[in-house]
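Step one of this worksheet: look at the structure below.
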Ligand code: HEM
């Protein structure tokens, strides 16, 4: 939702953090880069329907701020209301994918909102509290670090370790070998995105 905005393509490409993924739930969740976002969309739509004075964009930002407050270590985010409801869906192709090169990712964030390489890595603190369901469909909820419920710097440390294997099946698009692929009990091992690996080793973002 939020990254679906483009200075070069203009306003018709998408309005960024405008709630369009909730307002056009049969369009944006179907973009391949959004695979898995339907969980959040389907959970938020009932709130949107029962609170019709709250815009979809405000609802998503508020939900994000509340969600983050559940993770120990996370900052308390300021929430500002006032986004109008979007009238168009965003176009496909604006969401970065894990198989994208560092050049492509940095260009995309710069085009979206003049984000610097430093700011892109700061935003990737989000992968401290993230798990993947769709990169490898043979496993559920593969975390990107060993502390997926704690907002900490562990992802930035673990992404530098040597990759030794995959938590599930090999040869998935956008995934590279992880340093800690072994699971325990019902927990899968850690997954490493190709993009996180590449960003951690590029001179502009390492
Ligand atoms: C640099 C480009 C980025 C790429 C290529 C990328 C890619 C991905 C991928 C492939 C997943 C796993 C989806 C799945 O299989 O379920 C994921 C999860 C996630 N990403 Fe990113 N991401 C990027 C940047 C960001 C940013 C900037 C944020 C937020 C500020 C973010 C927040 C998250 C969160 C919260 C999850 C976990 C979702 C969940 O647990 O259901 N990512 N990302």
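Placed from the backbone N, Cα and C atoms, the Cβ positions cover glycine too.
TrEMBL: automatically predicted annotations, no manual curation.
The Cβ neighbour count for residue 16 (Ca(2+) 1 binding site), using a 10 Å radius over every protein chain in view, is 20. Here TrEMBL flags 1, 16, 18, 20 as Ca(2+) 1 binding site.
TrEMBL lists 127 with the feature heme b binding site. Its own atom aside, the Cβ of residue 127 (heme b binding site) has 19 Cβ atoms within 10 angstroms in the protein chains shown.
According to TrEMBL, the Ca(2+) 2 binding site annotation covers 128, 145, 147, 152. Around residue 128 (Ca(2+) 2 binding site), the same-chain residues six or more apart in sequence whose CB sits under 8 Å from its CB are 144, 145, 147, 148, 150, 151, 152, 153, 154, 155, listed in sequence order.
Taken from TrEMBL, the feature domain 'Plant heme peroxidase family profile' applies to 30-132. In the predicted model, the domain 'Plant heme peroxidase family profile' (30-132) shows an average pLDDT of 97.
Under the heading region 'Disordered', TrEMBL lists 170-191.
Counting other Cβ atoms within 10 Å of each Cβ, the lowest count among the binding-site residues 20, 147 belongs to 147. Here the C-alpha separation of residue 127 (heme b binding site) and residue 16 (Ca(2+) 1 binding site) works out to 20 Å.
Take the mean position of the Cβ atoms of 1, 16, 18, 20, the recorded Ca(2+) 1 site; other residues of that chain with a Cβ within 8 Å of it are 2, 4, 5, 14, 15, 17, 19, 21, 57, 86, 90. Looking at 1, 18, 145, 152, the binding-site residues in this record, the fewest other C-beta atoms within 10 angstroms of the C-beta turn up around 152.
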